[in-house]
Amino acid sequence: MENILKILITFAFLSLLVDAAVSISLPPAARNPEKFKRAVDKAKSQLPNFGSKLPNFKNQLEFKRALDKAKSQFPGITKKIHALQAWFRLQQRWRKAGRVSAFDDCIVMTADSIDQIKSSVEIFEGVEWSKDGILSLNATQKVQLNNLLSAAQTNVLTCLDGFTHTRADKKDQADILKADLMVLHRGAGFMLSITNSLKVKEAETEIVPPGDDWPEWLSAEERTMLLHRNPEVVHATVALDKSGDYKTVSDAVNAVRVKMMVHPSLGKRYVIRIKAGKYMENVVIPKDMKNLTFIGDGSDKTFIIASQNVVDGSTTFNSATVGVAGDGFLASGITFENAAGPSKNQAVALRVNADRAAFYGCNMIGHQNTLYVHSFRQFYKSCTIRGTVDFIFGNAAAFLYNCNIEARVPKPGQKNTITAQGRDNINQTTGIVIRKSRIRAAQELKDFKEEVWTYLGRPWKEYSRTVVMETDISNVIHPNGWLESRGEFALNTLDYAEYMNTGDGAKTESRVKWKGFRVLTEKEVEPFTLRNFIGGKS
C-alpha cells in the first residue's frame, strides 16, 4: 500500500503544479529591479509544498480517478507555458540584433520539459497493480521514466544557465524564471524519486556482466552502417562541388525533414551522405527528426565547422556547431568543430539532447565545452574528443568506448578539465563513463605539459558522476586526478570513480581524498558497464 500512496502523490503534485502555474502572474516587461524583486517574492511564496502528507487512497478505482484528474489539468499547464514563452519573446526585443539570447533556449526547454512530464504520466498509466496491492514497473518503463524525468530537470537548469553569460541587468529576470520554472524542476524530481522507489519485476532486475561493445538499441544493420559507412539507401547527398543534391548540410536536413512529414514511416531511418569538404555552417537536427543518419567520407575528410561562442553573444547551448535533438540520431566519419578558439570561452562543437544517439569514428574538436552531452542516452565509439576546459560536459547518460581524449593548450592561467558532469539529483541515472579509451596530450600541448596540468574532471552540479575504467591515462593528468570546482562544493556528494586504468597517469595513491571519490572493485563496476548503464533495447 505504501508504494501505491507514493505514486498517487505524483498525480496530486500535477494538480498543485497547475494551481501554482495559474496563480503566478507573469512579470511585467519592465526593467525596474524593485518590481522584479516583488514579483519574485510573490512567485516563490506560491510554490507547491512537496512535504505534504500522502493521501490515503484505498483502491485502484481511486487511483484511476486521481490519474484522470491529473491528466485533465494539462491544458492549464500548456496555457501557462505558452504565456511564459510569450514573455520570453517579449524580452528578446531587448537583445542586440543577431545575438542568440538565453530566452531562445528557454522557449524550447520549457516546452520540452512539459512534454517529458506528460509522457511520464502516460507511462505511469501502464504501471501494473498486483493482487497484493503492489505497484511495479517493468525494466522498460523504469528506463523511460528515468530518461524523461532526468531530461526534464536538465532542461530547466539549461534555461536558467543561459543567463550566466548575459549582462548584469538580466539577473532579476533569471530570478523570475527560477521562481516559475523550478516548479517544473521540483515536480520532475519528485516523480523521479517515486520511480526509483517502485519495485521492478524480479525477472528484469538482473545485472548483466560485461559483454558486447555496442548498446542493444543499435540494430545489426545500424552497427554495420556505422562501421563501414555503407547505407543501402541515401535520401540526400551533400557536396561542395555540386555533385550532390545540396551544397550545405542544413539544406539537406531541411529537405529530408519535409520528406519525413510528407511520407511518414514509423521507425524508418533516413540517411544523409556528406561528401568530403569543409562545411562552414551551424546545423540543427530538431526534435521531430527521429532516426536520422549522417554518413561522412571520414573524419579526416568531412568537416562541419562554425565558431559561435559565449563571448560573442551566444549561450553555451546555442553555440553548438551541430545540435542534435532528434532521437535515434547516428553519425559516422565526420569531424564536428568549433573554431572559436580558447579566448572565446564556451564554444560547443557538438551538442546532443537526443535519446539513443550514437557516433562512430567521429571527431569533436574545440576548446572549452567541446562536447555537450546534454541529456538522454548517448554512445561514442572510436571517436576523438579534443579540448581544454570542461570539454566533455552535460547531464546525459553518456558512454565513451575506445575513444581518444586529448587535452589542448588552454588560455593562460587555466587548467584543463576533461569532464564536468551535470547530475543535480541523486535519483538521476545520468553520468559520463569512459571505458577502454586513451587520455593524453594533444600534439600542441606536449611541449607545455609541465606548465599546464590536466584533470579528469570537476563537479558541475551537486551529484556529478564520472567513471573512468580500463583506460590508458598518460602523465598529462595531475597525480590528484580530479579538481575542485568551487571550494568544497559537491566533494561529499559527487560520484567519481576509477577502475583498472593503466599508464603513467593512472596511479591512484595520490588521488584526491574526497568522500565522493572511490576506486571501484570488480563488483562495484558492474552498473557502469555498457549494457547496464545505457544498454537496454527500450
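Placed from the backbone N, Cα and C atoms, the Cβ positions cover glycine too.
Predicted, not measured: the structure shown is a model, and the values here were computed from it.
Annotation comment: TrEMBL describes 1-20 as signal peptide. What TrEMBL records for 64-171 is domain 'Pectinesterase inhibitor'. As annotated by TrEMBL, domain 'Pectinesterase catalytic' applies to 236-536. Positions annotated as active site by TrEMBL: Asp390.
Contacts of Asp390 (active site) defined by a Cβ separation under 8 A and a same-chain sequence distance of 6+ are given as Gln368, Asn369, Thr417, Thr419, Ala420, Arg458, Trp460, in order along the sequence. Asp390 (active site) falls within a strand when secondary structure is assigned with DSSP. On the 0 to 100 pLDDT scale, the model's mean across the domain 'Pectinesterase catalytic' (236-536) is 96.
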